[in-house]
Structure formats: structure tokens, C-alpha cells
Amino acid sequence: MPLDNIQNIVLVLSGKGGVGKSSITTQLALAFSLQGHSVGVLDIDLTGPSIPRFFGIEDSKVRQAPGGWLPVPVHDARTLPSPKNTNGTTSHTKNGKIGALSCMSLGFILPNRGDAVIWRGPKKTAMVRQFLTDVLWPPLDYLLIDTPPGTSDEHISLLENLLKQTNFSISPPNQLAGAVVVTTPQAISISDVKKELNFCKKTGIRVLGVVENMAGFVCPNCSECTNVFSKGGGEIMARDFDVPFLGSVPIDPAFVQLIEEGTRPVYPKGTVIEGKDISSEKNDINSAGNELLVDKYRDCSLCPLFDGIVSKLVADIRSRNQ
Amino acid sequence: MAPSLEEPTQVDFDAPIKAAPKLVAPEPEHCPGPESLQAGNADSCAGCPNQKICASAPKGPDPDLDVIKSRLTTVKHKLLVLSGKGGVGKSTFSTMLAHAFASNPDRTIGLMDTDICGPSIPKMMGVEEESIHETAGGLEPVWVNENLAVMSIQFMLPNRDDAVIWRGPKKNGMIKRFLMGVTWGELDFLIVDTPPGTSDEHLSVNSFLKASGIDGAVLVSTPQEVSLLDVRKEIDFCRKAKIPIIGIVENMSGFVCPGCKHESQIFRPSTGGARRLAEDEKIPFLGAVPLDPRIGMACDYGESFLDAYPDSPACRAIIGVVQRVAEEMGLKGQEVLLDTEQI
């Protein structure tokens, strides 16, 4: 069975587009890896795949092997050099051992990055099924599945196939762990995401928790926090639907810059987040280049936040598996 | 069996579509589409349980296309709002465009929400609680004010938060109903808001409206490359479907801190933003709208941002974009916006 190597499958869902599903998926994957787990990321957004861009591997192509596709490796399991500044480290990440990370996306198959994939439902359904049956994943602790917005063809086929494939007696227990639902704080986004929560309810997928993304923006000039897309909506929604709230993630331009330009995040002097001074000197900015994304991500202010979210998820999933 | 790595086959845009027959099983992987002319006779149809149904269904163009065409003869201009990416402000921009056009009392505007799984227009227009009335002539759209009508699937849901878990063909059926069964009446503009992507909804809107003519598409993007990447795909879609592109709008471009007035690029235009994309693709650049938290708030409360904050820089930017849209369509800006000073 193709998914036998995988211990836990976590879906990342949202009814609304552009709330940061791919960004959250990327950061969850990096945080899982930093805690030493081996992770795979499957991108089933067929008409707008973003995962290749987020991991900076847009030029990579999928390789074919007897029996299926080989996912694109991002980094292998190794020990990272100890970080220059110790703001992002916690007890989980201190030894610097990271787990392997690999990705699969339709973006790796398209000949040109600007090409549109103009497919109707049945074709998308078939592609999603292929992604679930024909990808030769290495042994994984966690497989994160990034989805397109909505509750349509991709989602229906994803769940149909997953429920079928994770129900064998030889499958790891509780293999389909559940879904992380992403929202932004505005009412417009919340009302679409409520539909997604009802979708989970209807299909019997456990909601592992809600993440509120783009909650506040800290002005790099005056350190004043503005709630660009208002605030607190995600937490209220989680309470209304009686699902765990995993945390609020602010907008961090340094993270955007890390993804878009690959520069190691630096923060001006005096930037303090949750009682820790995370400012750093701008001296080693030119040393970048061949450093791993995951290494640079350790300097990002969002890293400790996602470390916490992942610790919560791991504890939750482990308690269910026993 | 190793999966194939063949180049994805593309949809034939020029093929006339016919009414889809009722199927007994899900379509197979390489299904030519039950509404296509090869239905039932293509190579991939061999062994499909639907083959007989598809092969014996009446050929020839979908008779409903003529109904749509005659229904829309009273609509002067049809505009699509597209973006490959979600959450860039398609619906926000659609509502602004509708409000701005409707500021001229002599114009009548229709706004159709084709996002079936995540409709946002009713909330942004402040008519979320409304439901649909059916009259002898068809479905009556919801009127926001005297000259602005809205149609969305949200009006048909028994509960506000119900998920619409539908596959493609069912969504296409609903869009057809919006065009064929709604008493739009005499409209100067029909603005069609779309979901993200390049799939069923987009193909359907295109094929249903083709006969009566689409004036063009306005593309919306945010400045960062992750978003532009998907918008490039949408441009490719428009070119393949021969939908004229009116231009591209850059939304969420720069954020001015209300505390210190320092402008930050939250979504960094590391590859030159939409302006550069427009130059590269040789399409008009319609303008950049800054990120203003009040736009989001106005949408949450269902108010018109243009009416609420007429003096804000974001409002002026939006009016500028609307005028450019009108100009690109060959209309005079003043003709569309009655008095730009007052809105």
C-alpha cells in the first residue's frame, strides 16, 4: 500500500483562499522537521500550486521510478550547526537534529511555471487519486496535505481516497490524524471557514485545531501593532465550534522576505517577542546562499510560535494513538 | 504500473458544448466530458459504464445556450473579475466596482457571485440574511439598492454556515441557473465574481457567456510572487479561452502604519509586482490599491467603503482604477462615474 510508510496524515484546510494555507503548511513542515520528525508535504492545489515556491524548489522536477513518482527532497535528516543566536531554540530543537523533508506538487510536473492547468472535475479527481496512490514516499512520521480553497472536487476525492486507504487492518492506528483549519481574523474569511468546519463535521474528519493567520502586523519602524485584518475572530470561531485553538500568527515581513528572496530574517534592535529579545546584527547577511531554508527559518520570529503549535499537535496525536 | 508524466491535456475551448446527459457512474480519468462532441466515442470511453448514455444523448449545441443568449440580450456589458489566487481581493474589488458604477443613478448593475463553495459577495454587500424569491419569470435577484442587484448561492442555503460540498457538474448547473433562470432585466453592467483557479466555474462562465460576448476580464493580484505566479496562469487561461484582458489591478500594495505613517511593503513585490507583470505580458496596468484595514472592516460590516471613507487614499486609488476600467472598455470615465468628486 502506498501510504503504509506514513505514520500520521494531517490535512491543512480552509474554505477561503489566500489565508495562508500553504504558508502555514510550510511552517508546520519546517517546525516538524526541526523537532526531528521526518515530514512529507503533498500539495493538491492543482490550478494554483504554491508549495514549490515556498520551499524555493521551483526548478525541481519529479523523477519517475519503477512503480511511481519520487517526491522532491528539500533536505535530508542531519544535524544543523548550533544557531548563531539562540532565540528560536527550545528543548525540542536544541540538539540540532532535523528530520528529512520532501515535497510533491503538480508544479513539479508542469513544463512551464506560467502554464495554466485548465481541468474540469473528473481530471482533478484522477490527479488527486494518483497523488495518493503513486507517490513513493520515504518512511514518514508526518504527511502534511496542503489543499486548495473550497469544498469541492479535490476535497471530496481526497477524503474518499484517504478514508478508503487508511482503513486497512495493516494501516498504522489512527493514520488519518485530522485537519488543521486556517483562517484570517476578518468576518468575511470566518464565514467561509465555518463552511469548512461543517465540511469536516459532515465527513467525520477530526479538527486538530484552528490557526488564525495574519493576526496583526508590527510596524518595523515604530513597533506599533496594527490589526490589518482585525483580530480574535479565529479564537471565537474555534470556541463556537468546540474545537481547539492552536494560536494566532502575526504577519512577519521577514518571513515573506525569507520565502521570496531567501534572506535570513533579521530584526531591528529592541524587537522583543514573548519576553525574548530576538534582534540580531546585520553582519552575516552575505553569508547566505547555500544555507538550508530550515536553518534560516530558525531565526524567524514565527519559529518559536510554530514550535509550540507543533508540540501541541504532536502531543494530541500521540495521546490518540495510544 | 508507473503513472504517466505526460503533459496535461488542455480543454478544447472552441468545441461547442451540448447538454450533459444524466450519468450512472463517475466520469473516468480521461473523460472527454459528457457535454463534449466526442462523448461516448472517445478512446477513453471504452469500458465506461456511462458510454451508452453519452453516445446516445442528442448531439449538437446545448439548447440552453440560446436561452442564456436571449436572456442576456438586455445586458450591455459583461465583465469578469478573475485571479488565479485566492484571498487577493476579487470579491472586494467586485463590490467596489459595482458600488462605483452604481453611483450613477441612471445605470443598473448586476453582480453575480460564481464562487459556489465560498461565497463572499452577500456579506460584503450587507445582504447576507436575504433569501431568494421565485417569480413566474424566474429567480428574482436581491436588490442592494434601486440600481444594484446581486445573485449568490448564499441566498439559497437554509443555514448560513452550511458547506456546499459539490463536484464540478453540479456547480456548473448552478452557474447556468444564475444566467438562465434569473430575471436580471435591463442591465448596463453584469459583473461576474469568480472563485480562485482555472477550473469548472471558469470554463462554464466562459462557455455560457461566449455566445452573448464578454467585454473582458479584470485580473486582481497582490504584489508578491507567490500570488503573481498564479495570476500568470490566469492570463494563460484568458489567452487560451480568448477572453479579452482589460487589465490588472494590484491590491494590498503597501501599508501605511496609522501610528507613524511609515509605509511598509507587507507583501513584498520582490519581482516587481503586478506593474512588472503587466509590462512583461503587455496588458494594461490599472493601478495599485494600498492596504487599508478599513476596507476589510467595511466589507465585514457590509458597507460601501467608497461611501464611508471618500477622502482616504485607498478610495481615491480605487476610483482611479474604476475609471481606467471604464476607459479600457471604451467608455468615458465621466459617463460611468457621474461625479467623481461626490462618491
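Glycine is no exception: its Cβ is also placed from the backbone N, Cα and C atoms.
Annotations in TrEMBL come from automatic prediction, not curation.
Following the DSSP three-state reduction, the secondary structure of A:Gly20 (ATP binding site) is coil. Sequence-distant contacts (6 or more apart, same chain, Cβ under 8 Å) of A:Gly20 (ATP binding site) comprise A:Val182, A:Thr184, A:Asn213, A:Met214, A:Val249. The ATP binding site annotation in TrEMBL covers A:Gly15, A:Lys16, A:Gly17, A:Gly18, A:Val19, A:Gly20, A:Lys21, A:Ser22.
Summarising the annotation, TrEMBL assigns [4Fe-4S] cluster binding site to A:Cys219, A:Cys222. For A:Cys219 ([4Fe-4S] cluster binding site), the Cβ neighbour count at a 10 Å cut-off comes to 20, with all displayed protein chains included. Taken residue by residue with DSSP, A:Cys219 ([4Fe-4S] cluster binding site) is part of neither helix nor strand, so it is coil.
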Next item on the list: Express the distance between the Cα positions of A:Gly17 (ATP binding site) and A:Cys219 ([4Fe-4S] cluster binding site) as a whole number of Å.
Entry: 25
Next item on the list: Return the binding-site residues from the list A:Gly15, A:Gly18, A:Lys21 for which some CB of chain B is under 8 Å from the residue's own CB; sequence order; 'none' if the set is empty.
Entry: A:Gly15, A:Gly18
Item checked: Inter-residue Cα distance where the pair is A:Cys219 ([4Fe-4S] cluster binding site) and A:Lys21 (ATP binding site), in Å -> 24
Notebook entry, point to check: About how far apart, in whole Å, are the alpha carbons (Cα) of A:Lys16 (ATP binding site) and A:Cys222 ([4Fe-4S] cluster binding site)?
Noted result: 31
Margin query: Highest Cβ count within 10 Å among the binding-site residues A:Val19, A:Cys222: which residue is it?
Written below: A:Val19
